[in-house]
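Remarks on the structure that follows.
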Amino acid sequence: MWFAAFALFLFVQFLSSLRWKILAESLGIKEGLSFLFPCALSANFFSLFLPGTVTGDVIKLLYLGRRGHGKAGIAASILLDRVFGLFSLVVILGLSPVDPVLRSRVPFMSHLAVVCLSLGALFLTLPLWWERVFRLLSSRFSFYPREFVTLKTTGFFAAFAVSLSCQVISAGAHYIISLGLGLGVTPCFFVFAVPAVGILTAVPVSLHGIGIREGGFVWALGLVGIEPEKALALSITAYSAAFVVGLCGGVVYPFLRASRTSND
């Protein structure tokens, strides 16, 4: 159970690196996964010990910058990576009503789905109008990263497809843990719970979302009649697997530094 969840979380980290690669290449930054994956793992490692995700983003900016890429383009790729991750959470959350248990027990579920899917649809139309808006902004504000306007439509949709895959696999990892704990919750439930908790923990008010994550799962699982103790057990088990994935970044970080030194 735990090892299966760990493997899935590690695969999600790999897919997240692939999404970053797609976005970076669309912005003219050519780097292979052999560098970006260890870089993302290392960024995740440092994010374990400080609130929010800014620390990890700084690590990415630092190491890509040392490989000769422009800081504006790197910052644009990192920001877009975050935006794609957020909107994939929103879209997946909008699919929650496919679970009949949620529809029957959560009165606001249909309204939440309409809001989330509307936001997702608006996001997917960005390629139709964003170039005009971004060029206007970049002409008015000198600090605005002009690299945004170079993102290709194919890169946009490929990155979003990878983002959706990340969320589905993450929900699957939580479902596997729930099977081991005997919770009796449907897979579709985690399509609601994992994105909802993910959005809550994205707010940088605690160390790596500790406390918020546990409270979120207790609330979400409580909607379908799961006791707080069992919900807490699921949250802690899932977090421990994700935490070990983060620790893997500490293992590869010295090799990343060595690779950077050899390239200097």
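Cβ atoms here come from the backbone N, Cα and C positions, even for glycine.
Annotated in TrEMBL:
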TRANSMEM  34-54  transmembrane segment
TRANSMEM  74-96  transmembrane segment
TRANSMEM  108-130  transmembrane segment
TRANSMEM  151-177  transmembrane segment
TRANSMEM  189-210  transmembrane segment
TRANSMEM  231-256  transmembrane segment
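Only residues 6 or more beyond the boundaries of the transmembrane segment (108-130), in the same chain, are considered here, and those with a CB under 8 A from a CB of the stretch are 87, 90-91, 93-97, 102, 148-149, 153, 156-157, 160, 192. In terms of C-beta pairs under 8 Å, the stretch of 74-96, 151-177, 231-256 lying closest in packing to the transmembrane segment (34-54) is 231-256. The list of residues near the transmembrane segment (151-177) in space but at least 6 beyond its ends in sequence, with Cβ under 8 angstroms from a Cβ of it, reads 1-2, 4-5, 8-9, 11-12, 15-16, 18-19, 22-23, 25-27, 80, 84-85, 87-89, 91-92, 123-124, 126-127, 185, 187, 190-191, 193-195, 198, 234, 237-238, 241. For the transmembrane segment (231-256), same-chain residues at least 6 beyond its ends with a Cβ under 8 Å from one of its own Cβ atoms are 1-2, 5-6, 9-10, 13, 35, 38-48, 63, 173-174, 177-178, 180-181, 183, 210, 213-214, 216-218, 220-222.
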